[in-house]
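A short write-up of the structure that comes next.
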Amino acid sequence: MAQKYRIYQLSVTPVTVFAHLLAIAITTLVLVWLLKFREGLAFSSSNKLKIFNLHPLFMVIGFILFGGEAIMVYKTAPARREVQKNVHLVLHLIALVAGILGIYAVFKFHHEMRISNLVSLHSWLGISTICLFGLQWVLAFFSFVFPGSNTGSRTSYLSWHVFLGMVVFLLAVCTAEMGITEKFIYEGLKRNQEALIVKFTGLLIFLFAVSVSLTILIPRGY
């Protein structure tokens with residue numbers, strides 16, 4: 001198995017460590033951006049931008065980063081397969097809840113600002129991603145965790161589960177990059193400090209997606 005992937009000339013450990021460091025860096029940049037340059041966070045405020053700011057917070061840190069960590073857990077957690085599976089499931093549940101809260105925040109912001117919903121491709125892809133992610137989680141629960149699941153169907157569904165999981169994850173990353181671009185253009189950011197933070201955030205999210213994808217391709221033993 002490892003021989004098949006020697007073309008990558010990589011061990012999975014440095015790739016996962018790099019991904020974890022990227023997650024820390026992305027979290028730091030997002031928090032600095034929202035707290036220092038975007039006036040903070042709130043579910044309810046007279047400053048409606050604080051409500052909107054919850055959207056990138058939950059979607060990037062909660063949805064994408066936790067989702068990516070859940071994907072990597074089989075290569076990073078030194079535990080039995082059953083424990084890895086449960087951690088994988090819980091991290092993805094956290095990502096799903098965060099994604100729902102992120103969608104709720106932007107809908108609440110639009111409602112209070114009397115702005116139309118679902119008018120951009122970013123919003124269409126975002127709703128599609130959340131729906132597909134939720135469906136993937138439910139199917140995985142009943143296929144791999146539910147006591148009455150059939151072993152034969154579980155085995156046949158596993159490859160599709162991995163493939164669809166990566167499709168949804170990469171769709172989430174593409175949607176986030178579109179959202180960052182929209183915000184960058186809308187705010188008229190160019191070459192100031194905030195612009196650099198936003199651009200580096202988008203770049204690091206891309207590198208995080210690449211790292212997570214590599215952990216799927218490289219066997220744990222190599």
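Glycine residues also receive a Cβ, built from the backbone N, Cα and C atoms like all the rest.
Remember, TrEMBL labels are computer predictions, not curated facts.
Residues or ranges marked as transmembrane segment in TrEMBL: 12-35 (among others). Remote same-chain partners of the transmembrane segment (12-35), defined as residues 6 or more beyond its termini with a Cβ less than 8 Å from a stretch Cβ, comprise 41, 53, 56-57, 60-61, 65, 68-69, 72, 75-76, 194, 197-198, 200-201, 204-205, 207-208, 211-212, 214-215, 218-220, 222.
Annotation source TrEMBL lists domain 'Cytochrome b561' at 18-217.
Summarising the annotation, TrEMBL assigns transmembrane segment to 56-77 (among others). Under 8 Å from some Cβ of the transmembrane segment (56-77) lie the Cβ atoms of residues 12, 16, 19-20, 23, 26-27, 30-31, 33-34, 41, 83-84, 87-89, 91-92, 94-99, 101-102, 105, 126, 133, 165-166, 169, 172-173, 176, 179-180, 183, 201, 205, 208-209, 212, 215-216, 218, 220, all in the same chain and six or more residues away from its ends.
Annotated transmembrane segment per TrEMBL: 89-107 (among others), in sequence order.
Annotation source TrEMBL lists transmembrane segment at 119-146 (among others).
Long-range neighbours of the transmembrane segment (158-176) within the same chain, counting only residues 6 or more positions beyond its ends whose Cβ lies under 8 Å from a Cβ of the stretch, are 59-60, 63-64, 67-68, 71, 99, 122, 125-126, 128-129, 132-133, 136, 139-140, 143-144, 202, 205-206, 208-209, 212-213, 216. Feature annotation from TrEMBL assigns transmembrane segment to 158-176 (among others).
As annotated by TrEMBL, transmembrane segment applies to 196-218 (among others).
Through the fold, the transmembrane segment (89-107) approaches residues 43, 51-52, 54-59, 61-64, 66-67, 69-70, 73, 117, 123, 126-127, 129-130, 133-134, 137, 140-141, 144-145, 172 of its own chain, all at least 6 residues removed from its boundaries and within a Cβ separation under 8 Å.
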